[in-house]
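Participant: Dropping the structure in here first, questions after.
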Amino acid sequence: MQVSSLNEVKVYSLSCGKSLPEWLSDRKKRALQKKDVDVRRRIELIQDFEMPTVCTTIKVSKDGQYILATVVTFETLSDDYSKIVFLHNDRYIEFHSQSGFYYKTRIPKFGRDFSYHYPSCDLYFVGASSEVYRLNLEQGRYLNPLQTDAAENNVCDINSVHGLFATGTIEGRVECWDPRTRGRVGLLDCALSSVTADSEINSLPTISALKFNGALTMAVGTSTGQVLLYDLRSDKPLLVKDHQYGLPIKSVHFQDSLDLILSADSRIIKMWNKNSGKIFTSLEPEHDINDVCLYPNSGMLLTANETPKMGIYYIPVLGPAPRWCSFLDNLTEELEENPESTVYDDYKFVTKKDLENLGLTHLIGSPFLRAYMHGFFMDIRLYHKVKLMVNPFAYEEYRKDKIRQKIEETRAQRVQLKKLPKVNKELALKLIEEEEEKQKSTWKKKVKSLPNILTDDRFKVMFENPDFQVDEESEEFRLLNPLVSKISEKRKKKLRLLEQQELREKEEEEEPEGKPSDAESSESSDDEKDWVEEVRKQRRLLHQEEKMKRQEQLREDQQTVLKPQFYEIKAGEEFRSFKDSAAKQKLLNKTLEDRLKLEAKNGTLSVSDTTVGSKQLTFTLKRSEQQKKQQEAEKLHRQERKTLRRSAGHLKSRHRRGRPFH
């Protein structure tokens, strides 16, 4: 027995190990068991579990009591072996009962796979033809075949829930048919979906495996080593897994209790989660694989190999041992004391890109590379040999890397440098110190921590854009931060030390001698006396600076030679005096309220209340000089006309006697 472990999942191989010839005596067998560990650990779970020839299909009956293996394929129509249908490689179909051979018939073309539709008792055969042959077992005759669009069909399966029939073609498509209407209801182009960015395809992928699970899930295996998981409601795969060997997928099965999918090619068996695609475990048998079968309701796995000998594997995580070998559960606990796990210490993990750089892509699929996860394992000696041939200076690079690692280890023993931004370095250093004090304080556990400004994207520009640089010489900053001068001096000194240390590290490879850090001031920044004194000191300094600025401005004014300035009057305006213009400018500088009060005082504006409770504003427009002249001229004209006007009273008619003249 051999025990392997991957991802903490133990796999017990019950069919590997040295076998003893039958002609050996019991005494000789006992002697060999004492000497040879492999012989002593060997468990012959099923005696003579070999077939006369190589088998391509292996299955377990529904009741779990019988294991069957054939050359092409077969199907059990009952729970046991009493009703079996065999498909041979010479186009013949044989029906066997519990007593043996029952009936034989033949299909028109060579068959490759078939499925049984229980509701209608129809057998669906696919093979080297575009037609799907139907044989009704109740009527005992062939029915009209289903005509597909494919040249040939490789595999088929029938959904046990709703009876949907699916067939995989050599063109890389899956056709779905409804047995009730005998019409095609869907078409999936799996060849196109199987090609991903990382996959390398040299030929057209064909469908090599097909399996339904439940009403809506279907797994498809291709001839290029990909497994596609579909939801029948979508034409896009949910997951695409690559076996990395480029070999056809032989078999696909579902393990419902752990939501696993088991897929196998001729080199490896992989079990992965159908929801996340994460590898659960993998298994590489001794011989090439033809087919894989899960024992019902247990953790046992059976394989049909390229040799007559069958493979038996037990994975306790998948389920318990079958009833007929329940002793395996206790036996595996004893074997865990001295496990023989597969160790990859002598192997090097490489990706496809590494193989391209080394020029070893032609070894994919050969025994020199073992597919694992997203890459391969290869012999460490072969890797170093090829690496030396490709890159003769690899040792020098390795030596430099080791020296760099040693230097980094010694640097880690010192106080780590703080990466400060280019703008507002002192503010960033202050925030870092405050954050360190918060982490050291005991009340951090009780108080909810606030977000750090340095890591907040909203304040990112403040440490990148020079326009946001804090001006520490401004009056506002010095009055609002009276004690910042003392603390900033210490922080500036610390900042200079950090910059000098960072500069030395860039220039030198060795560690510079450390310097003792400055002792922190024991005085509290909240001391009221110190705060008042510092405020007074800052105010005195500000007054002195302001006085010096005024004196300097006065000296500049005295040195300045005044020159006459001339102003041009706009057309249509008269120059009266500078006094009027100054009064006008002064009036314009006043607020609207003051101007309204002045207008009301001069009588040009009046404000009164109306009957409805609102305000009424009455004002007199200001006349221009030209309007005033025109009004004066009109007034003089009216006065002249008054003086020159003669009375017309004497022209009044007198009343005459007699008839009026007509």
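Using the three backbone atoms N, Cα and C, a Cβ is placed for every residue, glycine included.
TrEMBL lists these features:
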type     : residues : note
DOMAIN   : 1-68     : domain 'Nucleolar protein 10-like N-terminal'
DOMAIN   : 76-338   : domain 'Nucleolar protein 10-like N-terminal'
DOMAIN   : 343-391  : domain 'Nucleolar protein 10-like second'
DOMAIN   : 456-482  : domain 'NUC153'
REGION   : 503-536  : region 'Disordered'
COMPBIAS : 520-531  : compositional bias 'Acidic residues'
COMPBIAS : 543-558  : compositional bias 'Basic and acidic residues'
REGION   : 543-562  : region 'Disordered'
REGION   : 617-662  : region 'Disordered'
COMPBIAS : 622-637  : compositional bias 'Basic and acidic residues'
COMPBIAS : 638-662  : compositional bias 'Basic residues'
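Surface or core, plus neighbours and distances: that's what I need for these features.
Facilitator: A mean pLDDT of 72 is what the model gives for the domain 'Nucleolar protein 10-like N-terminal' (1-68).
For the domain 'Nucleolar protein 10-like second' (343-391), DSSP puts the residue distribution at 21 helix, 13 strand, 15 coil.
Here the domain 'NUC153' (456-482) is broken down by DSSP into helix, strand and coil counts: 15 helix, 0 strand, 12 coil.
Under DSSP, the residues of the compositional bias 'Basic and acidic residues' (543-558) split into helix, strand and coil as follows: 16 helix, 0 strand, 0 coil.
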Participant: Short question: which residues 6 or more past the ends of the domain 'NUC153' (456-482) have a Cβ under 8 Å from it?
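Facilitator: Distant contacts of the domain 'NUC153' (456-482): 421-424, 426-428, 488, 531, 534-535, 538-539, 541-542.
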Participant: For the compositional bias 'Basic and acidic residues' (622-637), give the DSSP counts of helix residues, strand residues and coil residues.
Facilitator: 13 helix, 0 strand, 3 coil
